[in-house]
Structures are given as structure tokens and as C-alpha cells.
Amino acid sequence: MTGAVPTPLPDWLTAARRITVLTGAGVSTDSGIPDYRGPDGVWTRDPDAEKLVTLCYYLADPEIRRRSWLMRRDLQAADPRPNAGHAALVDLERQGRLRALVTQNIDGLHQAAGSGPDRVLEIHGTVHEVLCTSCGDRTPMRAALDRVEAGEPDPACLVCGGVLKSATIYFGQLLEERVVEAAVAAAADCDVFLAVGTSLTVHPAAGLVEVAVRNGARVVVVNAEPTPYDDVADLVVHEPIGTALPRLVAAG
Ligand SMILES: [Zn+2]
């Protein structure tokens, strides 16, 4: 089935008790956070911007780091707020039906909306923490941005002097194995896998759909554009996320 959220909802959806959700950029666009890979995405329009999040360029070029710190400062200053899509997933958790919330987003808006930090698996990391590329020291982003605002254009690690970056996964960087394993386990152990606002073209996120299908889960895709997994989905919804999600997760 493709298009609108069906009324009434299918029984298998209202009866689902272990729903694993995967969210992508589309969930945060209503909060004013740009989609990087979409048709009008930042990287689609300006491929050079991708260098800002490519590890080898970042480590080699102080100018790229300075630009990155200014970008992080601007992002924090914009103070994005969670939207109706985030809130719907908090409701799902309160109903006791959320197995896990896997997200490709790095904005922390699920936790800001009220999703339990123990349910959220940030496979691409978070902008709210800073990581030293030499010693692995982790510190709050706020503290590093305070140093930028105090006049350090490229603050170094206070422990070892190494290069600091946001605790997000850059191109050329491995994902955190522990987080990916937890996401795969949640995809394998759900009765419904709900992919929202993601193009399902980036691994390992895309592979989670396959894991879910192999383990007998129903699949729901909510996305503005077609995805490579629409054919295997039991339900494909093209409605805006902010209105579709609250209806899809309405208690059965
Ligand atoms: Zn360090």
C-alpha cells in the first residue's frame, strides 16, 4: 500500500508491541535542520561542503577546522526544537511499544523531545559532544564552543593537545561497533520496523531493513521520496512526517 496513512490502521500495526524505529534527516527538517543528502540537500548543492566532515581533510587543514567550529557555533545558536514527529515517537515509547529508536541524526532532538536516552541509538554520533582524535577524550560541546567564543578558533584537546572534532561519524571514520550491534539486534527483534525520513541509501541504516525483513518483521516506510525498500515494505507513506507519524503510532 502506498500514499496516505490508511484509516483504519492495519491490525498488524496497532497490535505491534515491539516497534523498532529508524529516523533520518527528514524527521528533523521541520525543526529547521537541513537535510544533507536530499534533492535540495547541502551536500547535493555544494559537494565541497562534504570536506568539512571528511576526516582526512579535517585533520590536515586548520582552515577546515576553523570553518567547522563556526558551523557548530551557528548550529548551537539556532537552538533547534523538537517537532511533532519527535513527539509522536515519545508517545510510542510511553505506550510501551518502542523496542529501540535508531537514528541517523546527530542533533539530539529525540532526547530533547523526551525519548529515553537508553532507547536512542545514535549511529552517526552526536553534535552535543566533542571527541579528541588523538586520545579519545569526550567532553561537552558547550565547553568547546565557549573556548571558540573566547577567541580560540580551533581549540585543542586539554588532555593531550590533539585535534578535537564533534562526536559525529565523519566520512573515512568507522561507526561505533557497540551502537551498530545494538541497532542490528533491535532490527532483528521487532514485529514492526518503521523507517522515517530516511532515503535508506546509507549503510548500515539501510541494511537494518533487510535484517528486520529476514526476521519476519513488517516494514513501514515514511518518506517524501521513494526508497530502495519500498518494494519490500508492507506500507509506504508519502504524507508529511509531522502529520503521518502521530497517526501511525496512535494507540491500537
Ligand atoms: Zn586528547
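Along the chain as shown, the residues are counted starting at 1.
Cβ atoms are placed via backbone N, Cα and C, with glycine included.
Around His124 (active site, proton acceptor), taking its Cβ as the centre, 21 other Cβ atoms fall within 10 Å, counting all chains. Taken from TrEMBL, the feature active site, proton acceptor covers His124.
DSSP assigns Cys160 (Zn(2+) binding site) to coil in the three-state reduction, placing it in neither a helix nor a strand. Sequence annotations record features per position, and here TrEMBL assigns Zn(2+) binding site to Cys132, Cys135, Cys157, Cys160.
What TrEMBL lists as domain 'Deacetylase sirtuin-type' is 1-252.
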Inside 8 A of the center formed by the CB atoms of Cys132, Cys135, Cys157, Cys160, which other residues of the chain have their CB, for the recorded Zn(2+) site?
Thr133, Ser134, Gly136, Asp137, Leu158, Val159, Gly161, Gly162, Leu164
Within 10 angstroms of the C-beta of Cys132 (Zn(2+) binding site), the count of other C-beta atoms across all shown chains comes to 20
Starting from the Cβ of Cys157 (Zn(2+) binding site), draw a 10 Å sphere and report how many other Cβ atoms land inside it.
19
What is the Cβ neighbour count of Cys160 (Zn(2+) binding site) at a 10 Å cut-off, with all protein chains included?
13
Rounded to the nearest Å, what's the C-alpha distance separating Cys157 (Zn(2+) binding site) and His124 (active site, proton acceptor)? Just drop the number here, would you?
22
